[in-house]
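Feature annotations, courtesy of Swiss-Prot:
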{"type": "DOMAIN", "residues": "193-280", "note": "domain 'PDZ 2'"}
{"type": "DOMAIN", "residues": "536-606", "note": "domain 'SH3'"}
{"type": "DOMAIN", "residues": "662-837", "note": "domain 'Guanylate kinase-like'"}
{"type": "MOD_RES", "residues": "28", "note": "phosphoserine"}
{"type": "MOD_RES", "residues": "58", "note": "phosphotyrosine"}
{"type": "MOD_RES", "residues": "65", "note": "phosphoserine"}
{"type": "MOD_RES", "residues": "307", "note": "phosphoserine"}
{"type": "MOD_RES", "residues": "328", "note": "phosphoserine"}
{"type": "MOD_RES", "residues": "360", "note": "phosphoserine"}
{"type": "MOD_RES", "residues": "365", "note": "phosphoserine"}
{"type": "MOD_RES", "residues": "414", "note": "phosphoserine"}
{"type": "MOD_RES", "residues": "505", "note": "phosphotyrosine"}
{"type": "MOD_RES", "residues": "528", "note": "phosphoserine"}
{"type": "MOD_RES", "residues": "732", "note": "phosphotyrosine"}
{"type": "MOD_RES", "residues": "737", "note": "phosphotyrosine"}
């Protein structure tokens, strides 16, 4: 058996995407002037956008309170432009803005990509915003957007500089940072119908997006991401990257999951009819410009929104609407890097909603409200109130989080005890509220409204509402479990009968508070149970499972979702059931804090589910999606190690350590050989091989120490193996081969990544040797992607490959640094590169000896 190991020159690993085509270089970037005239439309040339989706970014994060106001947007003097350029016969329009941010302890709160040495979009040397970090200065200010191009940092021109120069300018900008940015004007779409005839290559295009897998933040739509050469779409010529798929034959693709969209497209006949939304540039003149709510209080612009039968918005106007739930139909390669940690955005609920809050730069429609309609329509339980709104802002990187006064329709209940009807559309975060109650017939109450969720955006529910029924199911005497089940199984459109009962809820809340205090006091005095913050102020753990807060009906308050491998800072572990925690990012703790299930709760629920599996399923039965039959979908993606049924993976205590070597890399699972080969091929100066040992005699053309380390005797190598000097060894043709700890250390201490083609057992052996590897497990989603990525596989071979991967996860799951999944080899490859970059150090999280 041969044991290959690869090494790489240590640098700051950058993020890459394959480039399909480049556009011509843009030589007409305007220079900002200090002369500011009245607002004017500025037309600036833009090149064709390439397929580059992701290069590398520099992350700066900050938490600012309060924010300092910055000047009004700067409009470039159009006299400085001689002519109005065109792109393929189309005028491309930009707007320019000056944004002032105050740097906090952690930075500015955004990521960048691009530069003259590594263009982000085609040949454009600009520095582009690829990510707005929630809770940072940029997110709190609310004006900086993904895909903005930074032209100047304070007085430093960064319009045509290298990436490192831009990073340096941002680092040295001081505590008050003025950014001059350029962005495209808003985009609408035109709906067209396309008829395609399937050929040998099928329809010939790739898609991304869907509920729970958003391609554009806040948007559940399905987008075209690639046109395949020689396919039906390319031959037809009308479908393009960035188009939004609305319908396939008679099936709507609105609010469907990615898997549902794929299934609909696969189950089509030879002739396929597509309804497609194509982006169309529009020019917003001043009368329709978004209000500047950052600097001043704007008069209300009331929008009259009606809910059509298909759930879409209808505007009482002849102007085409802008979908409120979307930023823009720009393809993802214009929105910057993929963000695997970004939480899903909520879907807007528009039913029974008379007026919305004023438009913001993210959500704008120049439509006036028909006030006569409002006055004439009978709504017996509501009256209009123009009150300041501080809770309706969606917490996204494009939202305006500077809580300036704005006008919204506020619901007031004229008769406190009268039931009312509320209709919500489920989003990716569920319905956006929590419930309590259900004991001793006390009723089910709304205890928490998720900011930006469907309930919040509808304005129809509030804390203290009693839920009387859900889709006709009476909940007045229901238990908590019955109410949770009714809400979870209610479908996409949920009709709720609610009744505002503030006094009943206050009595219930007081009782819960007393019970919780008693439990906390008992827990603190008992000396047993989970680790407590009075015993240990700072507790860090690594999540060993996926947790989706939107699927956990038992949450006592706002939850915190996380993925396998995430580092969590547990702030309060004094409760046996729930812990308070923050997710730890590369820049420190994130601003978002929420509750997570305790170790005890996770393990108890998993054991209960394992008993159900043993009762309902045949031993060892795992379906083609990797799911164990009988498991409930409650947000806990926990795992049990094979052969160790008492060992349930929940949280692993970790400690932060600085390392002075470059971490080895072990990739396990299907396609690992192709990933290793691609890393070496694309980065030959960063990834290579280390030298294995063997007892085989040296051949004439071989050099000791270059081709192999030739061991003098078999006895000596067997002795070294017994003394744990090898991470893995085996026998081939009566000769021993192996990879020694010293060989790996030799590579690591010289600043090179060492990719090891070894089994999962080697991970633990490297950890014992104080060489903590980056262990990446490629987990197949199902048989179909395996067969798609390797056309030579038969279904039987794919099934065996899939089963081996599942067993591999069961055996070594506790040692993985990260688990990656993807539908294509390119997607998996890019995720692996991202993990390697993020986990390279010099500060890493390693297992601690602490016991939870």
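Positions of Cβ are set from backbone N, Cα and C atoms, glycine also.
Where Swiss-Prot records a feature, it is marked here on the structure.
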| residue | record | DSSP (3 states) |
| --- | --- | --- |
| 505 | phosphotyrosine | helix |
| 732 | phosphotyrosine | strand |
| 737 | phosphotyrosine | strand |
Minimum Cβ neighbour count within 10 Å among the modified residues 505, 732: which residue?
732
Between residue 737 (phosphotyrosine) and residue 505 (phosphotyrosine), how many Å separate their Cα atoms?
71
Provide, as an integer number of angstrom, the distance between the C-alpha atoms of residue 732 (phosphotyrosine) and residue 505 (phosphotyrosine).
73
Going by DSSP assignments with H, G and I as helix and E and B as strand, what are the residue counts for the domain 'PDZ 2' (193-280)?
14 helix, 39 strand, 35 coil
Neighbour count (Cβ, 10 Å) for residue 737 (phosphotyrosine):
21
On the 0 to 100 pLDDT scale, where does the domain 'PDZ 2' (193-280) sit on average?
85
Helix, strand, coil: count each for the residues of the domain 'SH3' (536-606), based on DSSP.
11 helix, 33 strand, 27 coil
